[in-house]
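**Student:** Below: one structure in structure tokens.
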Amino acid sequence: MSVWALFAFFSLFLSLSVRGSAEQCGRQAGDALCPGGLCCSSYGWCGTTVDYCGIGCQSQCDGGGGGDGGDDGCDGGDDGGGDGDDGYLSDIIPKSKFDALLKFRNDARCPAAGFYTYNAFISAAKEFPDFGNTGDDLMRKREIAAFLGQTSHETTGGWPDAPCGPYAWGYCYLKEINCQPYCDPSSNYQCVAGKQYCGRGPIQLSWNYNYGLCGDDLKLPLLQEPELVETDPVISFKTAIWFWMKPQSPKPSCHAVITGNWTPSAADLEAGRVPGYGVITNIINGGIECGQGGPNAANEDRIGFYKKYCDSLGTTYGSNLDCYQQRPFGYGLSGLKDTM
């Protein structure tokens, strides 16, 4: 056998061996993460080139640069401790990790500086036992990453060349700029004279019907005193987690979507609404951001926060991160408004 024939034989053997071996990461390998922070390709293999870290990458798509503590002061690890939260969610997101992910929330340039505390987050979360506590650790971390990703976009103070990048500036804002009444007179929850129901808190709760329904469920006078969402940090976080956990037909809850407990109907599938982070964007602001056929800045920002937080917490992204091809839930239904 010639040298070239031997070379061809061994090349074919190596190719078949690699193709025949088990995938290393992602959905092909039980949502496993690559060692050393390597990217997981769409096909379930670990590496650092654009083939692994580019389009379709499933996790750790910065190629190992995030979440492990860099010398630029932009990434922070956690110390593995409970940080005084009595163990609730501390195995998923201790205080040190919360502080690292929301690094600039207390910066003097942020209007919400000093408001969004870890203790307020934990106190509010305890009122919703399934929040961050459904499924295995990867799923639990994914839910926290998704919640913080969406709410960080809603409250971001970042800009493209901001210190540590745009995704270090979540939870910078507390109240919508140029607050408007946001009063729907057709709602069962009639507006109180002189009150404004503009976006407030992590999820930017908006409209009188959301304040009213949320207030009923939480047993708080939010319709009469919407300002509570911007003056009490525990209440503020409660409204955000309430919205996350609450299905409002025809929309499922964000919690059900991210934990894999939502099954799309035939109408959902026809509208392109399939399980994944993108449907959560549709739930929150689909009428403005979804169904445009291609990328938009708001979607990209939500996804950017989510990927950063998934990488830092050590979980995978899942599929269907955007809603570019999804029709909004309210499409063709008179009277149905976006909730944000």
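Quick reminder: no glycine exception, Cβ is built from N, Cα and C everywhere.
These came from Swiss-Prot, pasted as-is:
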SIGNAL    1-22  signal peptide
DOMAIN    23-63  domain 'Chitin-binding type-1'
DISULFID  C25-C40  disulfide bond
DISULFID  C34-C46  disulfide bond
DISULFID  C39-C53  disulfide bond
DISULFID  C57-C61  disulfide bond
REGION    64-85  region 'Spacer'
REGION    86-340  region 'Chitinase'
DISULFID  C110-C172  disulfide bond
ACT_SITE  E154  active site, proton donor
DISULFID  C183-C191  disulfide bond
DISULFID  C290-C323  disulfide bond
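Let's see these features in context: how buried, what's close, how far.
**Tutor:** The secondary structure of C40 (disulfide bond), as reduced to three states from DSSP, is extended strand. Around the Cβ of C40 (disulfide bond), the number of neighbouring Cβ atoms within 10 Å comes to 30.
In the three-state DSSP scheme, C46 (disulfide bond) falls into the strand class. Taking the Cβ of C46 (disulfide bond) as centre and 10 Å as the limit, one finds 22 other Cβ atoms among all the protein chains shown.
The 10 Å shell around the Cβ of C39 (disulfide bond) contains 25 further Cβ atoms across the protein chains shown.
Under the DSSP three-state reduction, C61 (disulfide bond) is assigned to coil, being neither helix nor strand. Long-range Cβ contacts of C61 (disulfide bond) within its own chain (separation 6+, distance under 8 Å): C39, C53, K307, D311.
The Cβ of C110 (disulfide bond) lies under 8 Å from the Cβ of F104, G157, W169, Y171, C172, Y173, each of which sits 6+ residues away along the same chain.
E154 (active site, proton donor) carries a helical DSSP state (H, G or I).
Listed in sequence order, C191, Y197, W207, N208 are the same-chain residues at least 6 apart in sequence whose CB falls under 8 Å from the CB of C183 (disulfide bond).
Sequence-distant neighbours of C323 (disulfide bond) (same chain, 6+ apart, CB under 8 A from its CB) are R273, G278, V279, T281, N282, G286, E289, C290, G291, N299.
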**Student:** Cβ neighbours within 10 Å, counted over all protein chains: which one of the disulfide-bonded residues C57, C172, C191, C290 has the most?
**Tutor:** C290
**Student:** Just the number: how many Å between the Cα atoms of C57 (disulfide bond) and E154 (active site, proton donor)?
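**Tutor:** Taking the Cα atoms only, C57 (disulfide bond) lies 25 Å from E154 (active site, proton donor).
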**Student:** Between C25 (disulfide bond) and C46 (disulfide bond), how many Å separate their Cα atoms?
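**Tutor:** Per the Cα atoms, C25 (disulfide bond) and C46 (disulfide bond) stand 7 Å apart.
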**Student:** Which residues in the same chain, at least 6 apart in sequence, have a Cβ under 8 Å from the Cβ of C34 (disulfide bond)?
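**Tutor:** Expected: Q24, C25, C40, C46, S59, Q60.
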**Student:** Out of C25, C53, which of the disulfide-bonded residues has the smallest number of neighbouring Cβ atoms within 10 Å?
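**Tutor:** Minimum Cβ neighbour count within 10 Å, taken over the disulfide-bonded residues C25, C53, occurs at C53.
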